[in-house]
Amino acid sequence: MEPNGTVHSCCLDSIALKVTISVVLTTLIFITVAGNVVVCLAVSLNRRLRSLTNCFIVSLAATDLLLGLLVMPFSAIYQLSFKWSFGQVFCNIYTSLDVMLCTASILNLFMISLDRYCAVTDPLRYPVLVTPVRVAISLVFIWVISITLSFLSIHLGWNSRNGTRGGNDTFKCKVQVNEVYGLVDGMVTFYLPLLIMCVTYYRIFKIAREQAKRINHISSWKAATIREHKATVTLAAVMGAFIVCWFPYFTAFVYRGLRGDDAVNEVVEGIVLWLGYANSALNPILYATLNRDFRMAYQQLFHCKLASHNSHKTSLRLNNSLLSRSQSREGRWQEEKPLKLQVWSGTELTHPQGSPVRTRLSHSSCLLSLSLLSFIWKLGTWIHHRRPFQPSLHISA
C-alpha cells in the first residue's frame, strides 16, 4: 500500500505541476498577444502616433504578436507533452519561425535604442539623420538578418553538426547548434546589440542627468530629482528586462554550440527559452506604456469604450424619462419616437460607410450628443403642438 500511495502522490504532484505550468504559459501567451494587439490598435487609430519614431515600435509589436500567435502555443504544447507530435517538416518550419521572430524582436529593440540615441544626442539633426528611406532600409536589414539566421541557415543545414537538416529523434524538436552557428548567431543577435545598447542608453542617461541639473537652476531641486529618478528607472527597466530575459538563453545557446546539443538540461533549456519569450510580453509595457503619447492613446482607447457604454445607458435613461412624461398627453406617435431616438443615439456610436472614422470619444462629445437629443425632442414636441394633424411628418422629421 505504501508504494502505491507514493506513486499516487508523485502522479498528483506531476499533474499539479503540469496544471501550474500550463496556467503560467497560457497567461504569458495571452499577455503577449493582447499587449501587442493594443499597441498596433493604438497606432492605427491615433494619427499622432504615426511617426517615423514609432515605426520600430510598431515593427516590434507586430513581431512579438506573430511570436505569440505562431510560435509560443506550439512551444507550450511541446513543453507540456515532452514530445513533438507535428512531424519533422513542420519542426523545421517551427524552429525557423522561432529563431526568425526572436532575432527580429531583439534587432527591433536595438534599432529603437539607436533611434532614441540620435533623438537625444543630436535633436536638431534628427530629422536629417532619421528619414523614411533610412527607416525602411533599417527594417529591411532587420528581416534580412533574421531570415538568414533562421530559414536559410536551418534549411541549408548550416546550424547542424552532421550536415543534416533534422535530428535523429522524431519526438524532439529544437534548433541544432554547432560551434560556428552558435557563436555567429549569439554575437549578431544578442551580444553585439547588447554592447551597443549599453553604450547608447548610458549616453542617454548622462544627457538626462545633465538636463535635470540644468533644470535644477530654474525649477525646484525636488522636481529635478524626480525627473532624474524617472529617467533612471525607465532606462534601468528597459536594459534590465532585456538582459534578464535574453542573457540566460544566449549563454545556454552558445554553450550548446561549444559542448553539444545535449549539454544543457532540458528543464533549464525550457526555462531560459520561456524567459526569453517573456520579453515579448514586457515590450508593450516598456516601449509603449512608458511613452507619454502611447499612454494618452491607451487612455483614449479604453475611455472610448467606457464612454460609449455610459452614453448608451444615459440615452436609454433619457428616452425612458421622456417617454413616461409624454405618455399622458401623446398617443401612438410617442411610442415610436423613443425607438427613433434610441436608434439615432446608436448611430452616434457607429460610422456610416464613407464618413470619417471617429478615433476617440470624450465626455464633452457625450454631453453634446445628449444636449442635441434634448433639443431635437423639444423641437419635435413643439412642432407637434403647432401642427397636430400631421403626425407622420413629425416622425420622419
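Keep in mind that glycine also has a Cβ here, set from the backbone N, Cα and C atoms.
According to the topological domains annotated in Swiss-Prot, PHE90 and THR121 fall on opposite sides of the membrane. When Swiss-Prot is consulted, the disulfide partner of CYS173, picked from CYS55, CYS91, CYS245, CYS304, turns out to be CYS91. Using Cα positions, the member of the recorded positions CYS91, ASP98, CYS173 nearest to THR189 (site 'Implicated in histamine binding') is identified as ASP98. Other Cβ atoms within 10 Å of the Cβ of THR189 (site 'Implicated in histamine binding') number 24 in total over all chains.
The transmembrane segment (180-203) is not in contact with the transmembrane segment (58-81), judged by fewer than 3 CB-CB distances under 8 Å for residue pairs 6 or more apart in sequence. Counting every protein chain shown, the number of other Cβ atoms lying within 10 Å of the Cβ of ASP98 (site 'Essential for histamine binding') is 24. With a cut-off of 8 Å on Cβ pairs spaced 6 or more residues apart, the transmembrane segment (23-44) and the transmembrane segment (135-159) reach fewer than 3 such pairs and are scored as not touching.
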